[in-house]
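Take a look at the structure set out below.
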Amino acid sequence: MEKLVVHGGNRLFGDIDISGAKNAAVAIIPAALMASEGTCHIDNIPSIEDVHCLERITKSLGCKIKTNVNSLDIDSSEITNLDACTEDVRRMRASYYFIGALLGRFKKARVELPGGCPIGVRPIDQHIKGFEALGATVKIEHGAVNIKADRLIGTNIFFDVVSVGATINVMLAATLAEGITTLENAAREPHVVDVANFLNFMGANVKGAGTDIIRITGVEKLYGCSYSVIPDQIEAGTFMIAAAATGGEITVKNVIPKHLESISAKLIEMGAEVIEQDDSVTVRSKGKLKGVNIKTNPYPGFPTDVQQPMSTLLCVAEGRSIVTESIWESRFKHVDELKKMGADVKVEGRTAIIEGREKLTGAVVKATDLRAGAAMVIAGLLAEGRTEIHSIEHIDRGYPNIEVKFQKLGAKIYRETIKE
Ligand code: EPU
């Protein structure tokens, strides 16, 4: 087991290359299984535990995979197993994309129910509603989704909630359905668009991704292709917040500034300077920042995945901030850890009321989930003294080499093995 040790108080300066988007890569890898001919070469794959987990699942289904530093070659011409029921499937959320991918190509699959961060109830009823509308029969038995269809036939599907996972999963299956499928009230996140683009590179016909209506004209077959994953909006947001939190200047490179607008706008409202270039964004901050109110929302609103790191920053901003989490009902578990460092936060249901303090002080804390882990790293960086962060396996699921990237910016942060 490992922990991160942070000696806080250093202002961070420099440039950092942002990796490929986790939430795009974790859908694109299962989607690659739908190519019945040729190899998918995928670049800009982040080196994170969730991706390694998917590589293992993909291999267990019979795909041949070649891994390079930040790329993957997936040959799925000979899938031998339609039963994805392993510990890896249970551990992570995105394993649910094997349902849509296998259903689309083989019209049947058995996939264990997914795990993922403990941030609230995570139903998959909208995924199932979409698959059933396409003509599939779904049974949940012994903790697994058993799905099959004689034929998949395109139809109109109106999602009851805006769901990234359901939009992508049903889009995967519909790509190889007969006729036209229209997804309404679809999620508009950049990673939804990235998956649609990848499918189109494979020979699919998906239009409208990035709006709330996606129209998919089914094709008979998909093929291998070369593709590069978009940059990670959430990793970029985390480093932008770190610049503001430490009173430094960081340029996040290899990003799409448009994807970061809601984060940039909040940092500007707090008093930080944000300068957008073509494919980079610089955040600079010198003085004390002001508290602001934040409400998380589906894209283009403020992303729930940046709420936790941002609420750490608000703990040392001047005045009161109110943070409302409208996506997940249990995404304030980091607050108890922040309190150990002197933060003044009261959580009432889905709202956190934060009274800004002069400073936080180092403590022994834990990462309760992935983005809570990022929030604790930011807290350690801005706090006075030494912070130890435990349970960092959550952080490794989604941030590639977090300590190495922060060291490059001047942070005193190290990974240590915990002696039993
Ligand atoms: N929902 C339903 N029924 C469904 C699906 C979702 O009620 O069938 C509800 C959820 O309970 C939630 C809301 O709809 O309240 C949105 O959930 P969504 O389906 O969009 O979330 P997800 O696909 O499970 C992805 C990301 C999350 C991110 C959310 C929201 C992946 C693997 N995960 O989850 O990322 O918070 O979208 O943007 O893409 C993270 O990276 O730390 C993370 C948790």
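Yeah, the Cβs are placed from backbone N, Cα and C, and that goes for glycine too.
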Among I65, I153, I275, I327, TrEMBL assigns to the UDP-N-acetyl-alpha-D-glucosamine site of R93, R122, P123, I124, D125, Q126, D305 just I327
Rounding to the nearest whole angstrom, report the longest C-alpha distance spanning R93, R122, P123, I124, D125, Q126, D305, I327, listed for UDP-N-acetyl-alpha-D-glucosamine. 22
Surrounding CB atoms that lie within 10 Å of the CB of R93 (UDP-N-acetyl-alpha-D-glucosamine binding site), all protein chains: 18
Taking the binding-site residues one at a time (N23, Q126), which has its Cβ surrounded by the most other Cβ atoms within 10 Å? N23
Among I124, D125, D305, I327, which are recorded as binding-site residues, the nearest neighbour of K22 (phosphoenolpyruvate binding site) by Cα: D305
Tell me which of the binding-site residues D125, D305 sits in the most Cβ-dense spot, judged by other Cβ atoms within 10 Å. D305
